[in-house]
Amino acid sequence: MVVTANGNDSKKFKGEDKMDGAPSRVLHIRKLPGEVTETEVIALGLPFGKVTNILMLKGKNQAFLELATEEAAVTMVNYYSAVTPHLRNQPIYIQYSNHKELKTDNTLNQRAQAVLQAVTAVQTANTPLSGTAVSESAVTPAQSPVLRIIIDNMYYPVTLDVLHQIFTKFGAVLKIITFTKNNQFQALLQYGDPVNAQQAKLALDGQNIYNACCTLRIDFSKLVNLNVKYNNDKSRDYTRPDLPSGDGQPALDPAIAAAFAKETSLLGTMWSAAPSPAALVLKLVFVNDLCVFRKIRFILKLGLPVAAVPGALSPLAIPNAAAAAAAAAAGRVGMPGVSAGGNTVLLVSNLNEEMVTPQSLFTLFGVYGDVQRVKILYNKKDSALIQMADGHQSQLAMNHLNGQKMYGKIIRVTLSKHQTVQLPREGLDDQGLTKDFGNSPLHRFKKPGSKNFQNIFPPSATLHLSNIPPSVAEEDLRTLFANTGGTVKAFKFFQRDHKMALLQMATVEEAIQALIDLHNYNLGENHHLRVSFSKSTI
């Protein structure tokens, strides 16, 4: 039986199949979230074999997915019978269709067909998609080779190298510039060919880099060329490895420049040859496999059961529990000679030595992890060592605080070569420059599953205030924050909960100062104010 889909799709599929129907390579998917994309539906089938067709019935929240073989469909249904599939945190249902073949009218199904061709090309080849056969009618030529990328729900840091790893699957990435605008991490990414930009947008828009967070929102930029002046952690021109880093440092070492020119990377090397099954699982856990298609390629090649690989079915996702792996993937992945994670000690330099204290560093860096120890260097008091609880937290702190202003000076945050911060010998007075915070009650991330893990944002002018007692009014808080030396621009209590509020300072630097001064401030009635950065604006 062949089904032909056209503009009356929603009428043709009334009363579709039951779970106990005869096996078919066409699968019926029900209860889809309203905003789900074709790519997300296609990704459900990719681990089990080639996806040959798709039909979206958005008005009915349903879809039909056709696999290349009946065997692949049987494997998929059996797997999802034991493991309930989810899209956008909503359970969905997969069953055999009564139909044996899916034929669609491409003129009415252009987007789905374009996405299918793009995704299938990535699944079956390890080459840029510019060489794949995509018809002109299926993919309209893009207006620009430059994409504007916004990261929503950024609970883990996303770096330039992470973006390069993901987007290079669709063609040669020439340049990337990252920045923060409206309290959101954004990037401009330039391909060599507008068609590659079109294919990347179709395949990746709306996808999560990590499970349930770091969602890609992609549009075409009005720019047609990016002007990159520096190669560093904020911007990179892959065609000009000789560019300086922009912070007074010389250009990249020739060996590293050559590595960039060849577009090699730590992850690229790891994935260049098929590993043993045991090595594959280790690499998936510790490297995170930033692109799900790479993971699928090796699962299929090695014949591993899909269930053996955590997170294998989530597009662009990483295992939920792999905090250390998140640090590795979100850190300096692809930077030759730089460790991707694990180091818990940070070196902070260019501090205002007249103002900085171990307590102020504990409070600021404590926004991104549980600070264990702080040591301001005795012979170089504009520098300090900060030991975090784990490598993931040190990566978070480095990515968010490097380049921020603290006490009027732009601080530099890098990974230290030290593995721990040594306490002074007993009886030795180091003038209070070293402090052990290991047992501090102010750690934000001690409790597993704490909501604080979901509210980690870059420094912003808007602060989130909580634990406010009923007796404290808006004017009291405005006055309190103005006394830190800044200007309060706006204030708003949460409508349903006056224990929380948003307060906006004039600048990010003023907000950082206010957080340092007032986090844990005693407001009376046994209420200590909690202050953190917000992604919202007032």
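We count from 1, first residue shown onward.
Note: Cβ is positioned from N, Cα and C throughout, glycine not excepted.
A quick note: this is a predicted structure, and the numbers were derived from the prediction, not measured.
Per TrEMBL, the listed range annotated as region 'Disordered' is 1-20 (candidates: 1-20, 21-40, 81-100, 341-360). Assigned with DSSP, the residues of the domain 'RRM' (147-223) fall into helix, strand and coil as follows: 22 helix, 34 strand, 21 coil.
Where the domain 'RRM' (461-536) meets the stretches 25-99, 147-223, 344-418, the count of C-beta pairs under 8 angstroms peaks at 344-418. Taking H, G and I as helix, E and B as strand and the rest as coil, DSSP gives the domain 'RRM' (25-99) the counts 27 helix, 26 strand, 22 coil. Applying DSSP to the domain 'RRM' (344-418) sorts its residues as follows: 19 helix, 24 strand, 32 coil.
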